[in-house]
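Enquirer: Please find one structure pasted underneath; my questions will follow.
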Amino acid sequence: MDFSSFLTSLGTSFVIFLVLMLLFTWLSRKPGNTVIYYPNRILKGLDPYKGGSSTRNPLAWIRDAMSSTEKEIIAISGYDTAVYFVFLRAVLGILVLSGIALLPVLLPVAATDDSLKSTAAKTNGTFSDLDYSYMGNVKARSPRLWAFLIATYWVSFATYYLLWKAYKHVSGLRADALMSHEVRLKPEQFAILVRDIPPIPAGQTRQKQVDSYFESIYPKTFYRSMVVTDNKVVNKLWKELEGYKKKLAHAEAAYAQSKRAGKPEGARPTNRIGFLGLIGNKVDSIEFYTEKIKEVTPKLESERKVTLREKQQNAALVFFKSRVIAASAAQSLHSQMVDKWTVTNAPEPRQVIWTNLKIKFYQRQVRQYVVYVIVALTIVFFMIPIGFISALTTLENLKKYLPFLESIVNLDAIKTVLEAYLPQLALIIFLALLPKFLHFLSKVEGIPSESHVVRASSGKYFYFIVLDVFIGVSVGGTLFRTLKTIEKNPNSIVSLLGNRLPLNATFFLTYVALRFFVGYGLELSRIVPLIIFHVKKKYLCKTEAEVKEAWLPGDLNYGTRAPGDMLIFTIVLCYSVMAPIIIPFGIVYFGLGWLILRNQALNVYVPSYESYGRMWPHLHTRILAALILHQVTMFGYFGVKKFYYAPFLITLIILSLIFGFVCHKKFYRFFCDTPLEVALHDSKEIPNNNMEVIFKSYIPPSLSSEKIDGVPV
């Protein structure tokens, strides 16, 4: 990419961001749009505008975001969101500390050498103006390489320092959360999840088996158990019934609206009862759905009783009157065999994945390894098309493989735009296909809670995009572009990869710029959700429940957002020494992300679960993995530059592994289990009436009925 294309990419991305920010300022002041731009505040009963939209400064959202405290974030969006901002602050700090030292030193060191000029003279190649500011412009064996070696040490120690501070801070946040009054009364604090229950002894029921087992171990604090059931049929009936209720409400609302339109008698809505409502006999909707509700309701009640009586599984939730005993039980070994009476912390009621609880111990192990193999194979095979895309989307290859485009591509304006955006857009679209597939694989493992699935799929997605995007684009694209040279001289592959590696920085510069200007512009303006909401409201929604469903925003979606941020951080970190000019782009990305997502957390997104920072150890590990990848990359590149002191970096790699080991040993256990000293904080035994509320909070909606509340489930 030449310098003009780079400036075009940067300039147009910035203009798009300004336009989207102005749209946000204008649209967010419209009363009809408050449910799109302030849904979190509305759901909490707060004033969306904090003083009225007419007097509100167009940039007040920036002031509110910057002045908000961590306590406000926790109060509105929870501890997981606060921990996510700790992550953003930590990586932003790493890049700022790196940039302060690297930019004023490494840029002049690289720019005043002339390695690329001699290379261009020998090979008749061309390089952009940016290429001369990269480490690739430094000659092999040059004493100037010392500056880059010391810079690698600086980046590493800045990362160690800020990661340690962040881990201590998040540990404090988690401790504060678990000792807070609100969390101490949460249902999951008084429950444990028991899986792999042995076969039922003769003369006992599953319920009696579980109750007698735990009552004998915890005679004073055991309350009762809830045996997990196979709810497949009852869930289907319940969803069917709820669907009919919604359709009936929709039909009644449509009928009421028709009466207000000037026809006192109104027009009763109708629908066809065939495939997708497109074929079959036409019936009166209100009468049809009323009959369907009457038909399904007794079936559901009957199936509930059958499910509770005959479909009990080998898993249960066990409840205790004491939070300390529940925490202790979750950390204790209850059987001499690892595949019997497996006990863990209970998930939040809204997080439980009921279908996974019955999966047996060894089945979970086998599923886990099978999923790992599938992910590994997917990573390997996806690297081929990603590398191919990164090479194919260059203008030279487009003209070569699609000759009918040559006349269009050669136009200066189109050429500049295509060079600036085509490869990056192709990569972004390609990556959008992955998250749902990886989420599905994580569920298949048998994980019992939604937040754990998000952490697992997030990890898979991170390693996927780092290996396939960072390495695939860097290595794969170079291999495709230099295939003929490698065919003629196979021994040149190492030097070719080494010499081309810094030159890929320009691609990643535009990729990062596109992500933060256009990506965060769309995030702030919420143009797509706004359009979808108004279309649904005008043409599809008839009831208040349907309108609310149309604007409900969901959560921050850590499963894809965190790996995407980690990819940017990995790219910037790995190129920070080779091409320091990328550091300001990383700073703008995370600085802008911190600001815009803080506004979104305060006003827009509604958390769907709370794990009190359980994701942090995984984020910490991935930041450290990015650092080690940076160190390994620099070690390899110093080798290409024939710098004899490159082995000094081996010490850094070992130090990073030691640092990770120490952090894991010191902090990680606290994020898996609740320390008893924390559980003991202001702990009191809960009265039976409150315990009954806790117990009922775990009853699935499909089994919740006044007629059966007294029946153990």
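Just so you know, glycine gets a Cβ as well, placed from its N, Cα and C.
Pulled from TrEMBL, these are the listed features:
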- 5-165: domain 'CSC1/OSCA1-like N-terminal transmembrane' (DOMAIN)
- 189-356: domain 'CSC1/OSCA1-like cytosolic' (DOMAIN)
- 367-638: domain 'CSC1/OSCA1-like 7TM region' (DOMAIN)
- 6-27: transmembrane segment (TRANSMEM)
- 82-107: transmembrane segment (TRANSMEM)
- 145-164: transmembrane segment (TRANSMEM)
- 369-389: transmembrane segment (TRANSMEM)
- 461-480: transmembrane segment (TRANSMEM)
- 501-522: transmembrane segment (TRANSMEM)
- 566-597: transmembrane segment (TRANSMEM)
- 618-638: transmembrane segment (TRANSMEM)
- 644-663: transmembrane segment (TRANSMEM)
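Distances, neighbours, how buried they are, the whole picture for these features please.
Expert: Taking Cβ pairs closer than 8 Å, the transmembrane segment (566-597) reaches residues 62, 65-66, 84-85, 88-89, 91-92, 94-96, 98-99, 102-103, 106-107, 130, 133-136, 148, 151-152, 155, 159, 462, 465-466, 469-470, 501-502, 505, 508-509, 511-513, 515-516, 520, 523-524, 556, 619, 622-623, 626-627, 629-630, 633-634, 637 in its own chain, all 6 or more past its ends.
Under 8 Å from some Cβ of the transmembrane segment (644-663) lie the Cβ atoms of residues 141, 145-146, 149, 152-153, 156, 160, 163-164, 167, 620-621, 624, 627-628, 631-632, 634-635, 638, all in the same chain and six or more residues away from its ends.
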Enquirer: Taking a Cβ cut-off under 8 Å, which residues six or more beyond the ends of the transmembrane segment (82-107) line up next to it in the same chain?
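Expert: Here the qualifying positions are 70, 73-74, 133, 135, 147-148, 151, 154-155, 158-159, 162-163, 165-166, 169-170, 173, 556, 558, 562, 565, 569, 572-573, 576-577, 580-581, 583-584, 586-587, 590-591, 593-594, 597-598, 601, 613, 615-616, 619, 623.
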Enquirer: Cβ under 8 Å, sequence separation of at least 6 from the ends of the transmembrane segment (145-164): give me the contacting residues as numbers and ranges.
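Expert: Cβ under 8 Å, 6 or more out: 90, 93-94, 97-98, 101-102, 105-106, 109, 135, 138, 573, 576-578, 580, 620, 623-624, 627, 630-631, 634, 638, 641, 643, 645-646, 648-649, 652, 655-656, 659, 663.
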